[in-house]
Amino acid sequence: MTNIRKTHPLIKIINETIIDLPTPSNISIWWNFGSLLGICLITQIVTGLFLAMHYTADITTAFSSVAHICRDVNYGWLIRSTHANGASLFFICIYLHVARGLYYGSYLQKETWNIGVILLMLVMITAFVGYVLPWGQMSFWGATVITNLLSAVPYIGDTLVQWIWGGFSVDNATLTRFFAFHFLLPFVISGASIIHLLFLHETGSNNPTGLNSDADKVTFHPYFSYKDMLGFLITLTTLAFLTLFTPNLLGDPENFTPANPLTTPPHIKPEWYFLFAYAILRSIPNKLGGVLALVSSILVLLLVPILHTSKQRGNTFRPITQMLFWALVADMLILTWIGGQPVEYPFMTIGQIASITYFSLFLILIPMTGWLENKAMNWN
């Protein structure tokens, strides 16, 4: 009798996705982050659902409803802290997942990569609208500053901003629609993740050597299902540690004050995971230029497959490109630090240099190095 796992129409799909999936035998722990992102997404949807049961999307009660969740709801403090810190962990996993793709040349699977970039943007939008919901000072002013950037769009800018606000300022209509978006988008992300996986399984996974691995593949289960569990354990332990010992470590103290349109916080800044993009935005003194740089800082990822010049796929055997990759990582960390600093000398200058370096690495230095490496190897 044939195994039901291989014949049942539904179970067969699951089987081909996570059980009998042919996987390169040499993939490292860096390939763990895809499944970790799945775990993060499920955690966020579950905790978010429970929070939505008690939250009220109205400017008069939003802040106090969050306080009510933390004080009066059974384990509400735990659900809220897990949701807030889960977002930070989600972004750590995303950035490591993207870094792995850049290092090992996974971006040459173009469809998977492009859907991945769209997923990144969807997650960033979801996190932004979610940050507005507690209706603290930083929530309100963050929403005001970031939505205001759309006024830089020529001709239709002001109309666009008012359309998003649902009025002439960030108000009740804005909060209500942001809650609607924050509730809806995770399910859109889930759907896009399935498409991401579908495209990935068309070609199969890349591996650390960047070579064809058809001759040496193993089943995903039990080898990598157990290997992934170690990653789950480490990630969930980190999340539990953050949530139970330092729940407010990554938050902004300003958000413990209810939103007040009449007083501006001394430093308006987003959550830590957006600071690199915020630093790039601030490094250009022109409003439209800053907005374009902000969007380009993410969309530049779409150009990576087009600008791949090397005859080799990954950076495993390319020491010069490896140096540039780690320079990019260092540059991102510098931008993250600068994004949290006030707009004054020397931070502005450092931010401008780091922003130029960021785009130069993607658009000029790494493609040129690939070409030079080909020349050095006589691979014309």
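Each Cβ is built from the backbone N, Cα and C atoms, and glycine gets one as well.
If you check Swiss-Prot, you get these features:
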BINDING   His83, His182  heme b b562 binding site
BINDING   His97, His196  heme b b566 binding site
BINDING   His201  ubiquinone binding site
TRANSMEM  33-53  transmembrane segment
TRANSMEM  77-98  transmembrane segment
TRANSMEM  113-133  transmembrane segment
TRANSMEM  178-198  transmembrane segment
TRANSMEM  226-246  transmembrane segment
TRANSMEM  288-308  transmembrane segment
TRANSMEM  320-340  transmembrane segment
TRANSMEM  347-367  transmembrane segment
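Sequence features, as recorded in Swiss-Prot, placed on the structure.
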residue : record                   : DSSP class
His83   : heme b b562 binding site : helix
His97   : heme b b566 binding site : helix
His182  : heme b b562 binding site : helix
His196  : heme b b566 binding site : helix
His201  : ubiquinone binding site  : helix
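Under 8 Å from some Cβ of the transmembrane segment (178-198) lie the Cβ atoms of residues 17, 37-38, 41, 44-45, 48, 52, 55, 57, 112, 115-116, 118-119, 122-123, 125-126, 129-130, 132-133, 143, all in the same chain and six or more residues away from its ends. Residues 69, 79-80, 82-83, 86-87, 89-90, 93-94, 96-97, 100, 182-183, 186-187, 189-190, 193, 228, 231-232, 235-236, 239 of the same chain sit 6 or more residues outside the transmembrane segment (33-53) yet have a Cβ under 8 Å from a Cβ within it. Sequence-distant residue pairs (6 or more apart) of the transmembrane segment (77-98) and the transmembrane segment (226-246) include at least 3 whose Cβ atoms are under 8 Å, placing the two stretches in contact. His83 (heme b b562 binding site) and His201 (ubiquinone binding site) are 30 Å apart (CA-CA, integer value). Same-chain residues at least 6 positions away in sequence with a Cβ under 8 Å from that of His83 (heme b b562 binding site) are, in sequence order, Gln44, Thr47, Gly48, Leu51. Shown are the binding-site residues His97, His196, His201; of these, the residue with the fewest other Cβ atoms within 10 Å is His201.
Straight-line distance linking the Cα atoms of His196 (heme b b566 binding site) and His182 (heme b b562 binding site), rounded to a whole number, equals 21 Å.
For the transmembrane segment (113-133), same-chain residues at least 6 beyond its ends with a Cβ under 8 Å from one of its own Cβ atoms are 55, 57, 62, 66, 87, 90-91, 94, 97-98, 101, 106-107, 139-140, 142-143, 146, 174-175, 178-179, 181-182, 185-186, 188-189, 192-193, 195-196, 199, 270-271, 273-274, 298-299, 301-302, 304-305.
The Cβ neighbour count for His182 (heme b b562 binding site), using a 10 Å radius and every protein chain shown, is 22. Rounded to a whole value, the Cα-Cα separation of His97 (heme b b566 binding site) and His182 (heme b b562 binding site) is 23 Å.
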